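Data first, discussion second: the structure below is written as structure tokens.
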Amino acid sequence: MKHEDAHQHVHHNHNDCIESALSTAEALCIQQGQRLTKVRRRALELIWESHRPLGAYQLLAKLAEEGFNSAPPTVYRALDFLLGAGLIHKVESMNAYLGCAHADKAHKGYFLICDECHNVMEFDYQDIHAALVEKAARQGFELRAETIELTGLCEKCKGKSVGASA
Ligand SMILES: [Zn+2]
Ligand SMILES: [Zn+2]
Ligand SMILES: [Zn+2]
């Protein structure tokens, strides 16, 4: 993932994010011989409504409003599919789901979570990942899951709080 992603929440056309997420999803599904069913597609779209992760129950409620079969198993199956395809990530500390803009590239989800606006950004993981693997290996430990979720203030909210205190 590239560096300019760090600025993705400041001034950007979010429709572009949604459009590119959906076209990546369609391409990936064709590649993998999977079907982007209506409920999967709509779930992905709803998760991508913002850069704030969406909880399963919020998603369920939105789908129900739109007349989808929103029984929890249906929604969880759709989430499992999207997770398995790499189209979304689960942000563990928020127990919620985030659309991934790099679904076509294998990567770990390392997250920066803004305490104010609750937007979540992914950040570059490669060097941190390598260091973790190495340090764990020194203790004879083989890493399986890595949950790296850092909280703080995003660029936009940091600017706001500086302005407010001045
Ligand atoms: Zn966006
Ligand atoms: Zn990602
Ligand atoms: Zn923020």
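Here the Cβ of each residue, glycine as well, is placed from N, Cα and C on the backbone.
Any TrEMBL annotation is an automated prediction that lacks curation.
According to TrEMBL, the protein has these features:
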- CYS114, CYS117, CYS154, CYS157: Zn(2+) binding site (BINDING)
Which is it, of CYS117, CYS154, CYS157: the one of these binding-site residues whose Cβ has the most other Cβ atoms within 10 Å? CYS154
Please state whether DSSP places CYS114 (Zn(2+) binding site) in a helix, a strand or coil. strand
The correct three-state DSSP answer for CYS154 (Zn(2+) binding site) is coil
